[in-house]
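According to Swiss-Prot, the active site annotation covers ASP281, CYS312, GLU540, on the basis of sequence analysis. The active site, proton donor annotation in Swiss-Prot covers HIS608. Per Swiss-Prot, the feature ATP binding site maps to GLY197, LEU198, PRO199, ALA200, ARG201, GLY202, LYS203, SER204. The annotation beta-D-fructose 6-phosphate binding site is assigned in Swiss-Prot to ARG346 on the grounds of similarity to another entry. Summarising the annotation, Swiss-Prot assigns compositional bias 'Basic and acidic residues' to 1-14. Residues or ranges marked as compositional bias 'Polar residues' by Swiss-Prot: 46-56, 65-86, 164-184.
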Amino acid sequence: MSNNNNKDDSELQSRTHYYNPDRTAIPVKDDVDQLDKFGSPKLSANDHSFTNTDSVTSEDRPFSSPVSTLTSNSANFSDSSLQNSPVHPIPSPALSPTLNLGSRPDVKRVSSGGYFALPKQLTSIRQTHRPMSQQHRVPSFHPASDTAPPSPIPFHHHLRKKGSSMSIPGQTSIVSSNNGSEATNPPEEKLAIIMVGLPARGKSYIVNKLVRYYNWLQYNCKAFNVGNFRRKHASHSHDDASFFDPSNEEASKLRESFAMDTLDALLQWFEEEDGVVGIFDATNSTSKRRKAIVDHLSKVPYVTTLFIESICNDEQLIAANMRMKLVGPDYKDLNPEQSLRDFQERVRMYERKYEPLGKSEEDLNLRYIKVINVGKKVVAFNIRGFLAGQAVFFLLNFNLSPRQIWVTRHGESVDNVRGRIGGNAELTPLGRQFSEDLALFIDEKRDEFQERLYNDYSKESHLLQHGSHSFNGKQFETSFNCLTPSENTVNDPQVLDPEDEERLEKPYSVWTSMMQRSIQTAAYFDEEQYDIKAMRMLNEICSGICDGLTYEEIKSIYPKEYEARKLDKLNYRYPGSGGESYLDVIYRLQSVIVEIERMKHHVLVIGHRVITRIIIAYFLGCRREDIAYLNVPLHTVYCIEPQPYGTDFYQYNYDPNTRKFSRVPFSL
């Protein structure tokens with residue numbers, strides 16, 4: 001029994017604890033000079049000797065208590081005040097669960113259940129009763145050395161770092177802690193997108209779509225095409241297939257030089273023109289080239305790199321892309337048959353050394369996206385960052401299916417006649433007439449487009465059987481792999497299947513806002529033939545306290561607001577509950593734009609002035625300074641047809657006297 005007691009005493013003696021005051025302590029006025037800059041008592045070699053050994057683990061301190069564990073048998077006090085301090089060996093609760101020290105002033109109980117002695121020198125620190133926070137954890141110290149360390153630096157002074165998160169134009173801002181004011185928050189992240197892929201695989205198509213999307217979201221985005229740089233700086237305008245032969249060392253060095261010069265131009269644009277997303281458009285077909293690009297970009301710490309590879313194994317898509325190349329800058333005004341053979345040879349040169357994205361990039365922990373057959377399959381690896389995530393999101397939601405996108409404003413409303421903004425007015429008689437004729441007009445155009453699809457299908461079936469086609473009006477024979485269906489059918493290869501002709505019958509959607517004037521404009525569409533849906537995202541911009549006023553009334557009642565709007569219409573936000581800016585509406589419409597890109601069928605959007613401006617600005621790729629000033633009058637209908645080479649636009653004006661829509665030159 002006595003042996004057990006001695007054993008317990010030994011264990012108890014080896015587990016002696018001391019209390020080190022927390023950082024929430026409030027010093028007595030006379031003792032301020034005895035504290036260091038972190039509020040801790042100043043310690044010197046003459047006070048005591050502590051060594052930070054952190055012998056207590058996080059499991060020993062379940063509530064992050066400021067526990068300082070000290071082995072008493074190695075203590076070496078030189079200061080008499082500390083030597084005379086009552087040091088009480090206190091066992092842990094597991095050794096003495098019934099121990100009770102009452103209210104002794106020199107002992108403090110902590111949340112883990114143990115007790116700690118207060119050295120006399122520290123009793124002048126008046127303790128607060130607030131619980132210790134995680135930020136004020138104190139390291140453990142052991143009197144196991146002859147040299148006293150400096151006062152321990154709190155945990156947060158070691159590891160606290162400024163975070164970096166998404167910056168959205170018009171939606172995020174920097175708040176100053178000094179006066180609570182807000183400032184614009186330019187994106188800290190800059191994204192360099194590096195394209196990868198063989199020629200005629202749709203890289204430039206993806207590039208153009210991404211440039212338009214990022215710029216529409218108000219991120220400054222620009223593409224840098226190595227081919228354009230080569231044509232601009234080469235000694236002659238056309239390089240035949242031999243220039244792309246990997247065994248041609250002189251040409252290979254020249255191509256590498258063009259690539260690095262183009263990359264330098266991208267970095268210069270980042271630095272000098274506040275670029276946010278730069279796209280490096282080239283084949284970048286080998287791991288060696290891609291590694292050189294990463295090494296080059298790594299010199300700039302604020303740039304994130306994302307590779308996007310475009311893969312296409314659909315012969316019809318490749319054929320269509322090849323035909324587009326034959327009318328491009330490398331083969332313009334040249335013999336089409338000879339140009340086709342040269343381009344095919346160029347592709348074979350690249351195929352000899354082509355290395356797809358994969359293990360080599362994964363071993364380097366690089367970010368990449370593989371887009372297969374224009375978005376039918378998308379593979380993403382190690383995607384991090386808001387801007388890179390936007391690219392993945394967008395590439396998952398676009399296609400090349402032939403379709404029509406119609407955009408118009410609602411018919412004339414009562415508030416339009418009165419000149420009042422906002423509100424929820426009904427249509428005038430003229431507005432209802434426009435609505436009725438609009439339904440008939442869309443019916444007519446729907447039938448015309450359907451007939452065009454059938455005609456194209458018949459023509460392509462004939463070409464597939466006879467193996468001939470024409471370029472620039474010249475007829476020549478082609479092999480099956482080089483057959484080039486028309487833009488309309490090749491974009492959706494499934495329409496070429498004779499057993500699946502029902503795909504030629506395109507469904508149709510009609511979208512309105514939640515406001516009466518928009519819903520009433522769709523009233524004459526047959527619900528059996530059109531999917532009619534009202535969307536709150538399509539509501540007109542909310543004008544806050546200016547809702548229901550004319551512009552003259554705003555100028556008179558709120559002159560400062562009137563002038564502020566004139567100075568910066570895109571960024572100006574109407575004051576008052578729910579007031580919005582153009583940038584607010586852009587992000588409200590983001591899901592609408594992505595859904596339009598995703599859909600393979602027709603849609604008519606019946607919106608409002610700001611809504612129509614923003615949607616058309618997206619498809620046109622308008623500059624940010626032009627978006628808020630596009631001319632989109634009432635009773636004008638816009639038709640948008642996505643194509644592999646871009647977008648076709650048509651404009652139709654309504655004549656209320658003849659009740660007809662006539663096509664006019666597109667203008668905004």
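Note: Cβ is positioned from N, Cα and C throughout, glycine not excepted.
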Other same-chain residues whose Cβ falls within 8 Å of the Cβ centroid of GLY197, LEU198, PRO199, ALA200, ARG201, GLY202, LYS203, SER204, the recorded ATP site, in sequence order: THR283, SER310, CYS312, ASN321
CB contacts for PRO199 (ATP binding site) [other CB atoms within 10 A, all chains]: 22
Inter-residue Cα distance where the pair is the residue listed as 'active site, proton donor' and GLY197 (ATP binding site), in Å: 41
GLY202 (ATP binding site) versus recorded positions ASP281, CYS312, ARG346, GLU540, HIS608 - nearest by Cα: CYS312
Spatial separation of LEU198 (ATP binding site) from HIS608 (active site, proton donor) - C-alpha basis, Å: 43
Between ARG201 (ATP binding site) and CYS312 (active site), the C-alpha gap once rounded to whole angstrom: 5
In the chain carrying LEU198 (ATP binding site), residues 6 or more apart in sequence that have Cβ under 8 angstroms from it: THR283, SER285, VAL347, TYR350, GLU351, TYR354
Neighbourhood of ASP281 (active site), C-beta criterion under 8 angstroms, separation at least six: MET195, LYS203, SER204, VAL207, ALA223, PHE224, ASN225, VAL226, GLY227
Per-residue Cβ crowding (10 Å cut-off), top of recorded positions ARG201, ARG346, HIS608: ARG201
Cα distance (Å, whole number) from PRO199 (ATP binding site) to ARG346 (beta-D-fructose 6-phosphate binding site): 8
Inter-residue C-alpha distance, PRO199 (ATP binding site) and CYS312 (active site) (nearest angstrom): 10
Which listed residue (GLY197, GLY202) has most other Cβ within 10 Å, given these are binding-site residues: GLY197
Distance, GLU540 (active site) to CYS312 (active site) (CA atoms, angstrom): 41
Cβ atoms near SER204 (ATP binding site) (within 10 Å, other residues, all chains): 23
Intrachain C-beta neighbours of GLU540 (active site), sequence separation six or more, cut-off 8 angstroms: GLY422, SER513, MET515, GLY607, HIS608, ARG609, VAL610, ILE611
Candidates ALA200, LYS203, CYS312: member of the recorded positions with the richest Cβ shell (10 Å): LYS203
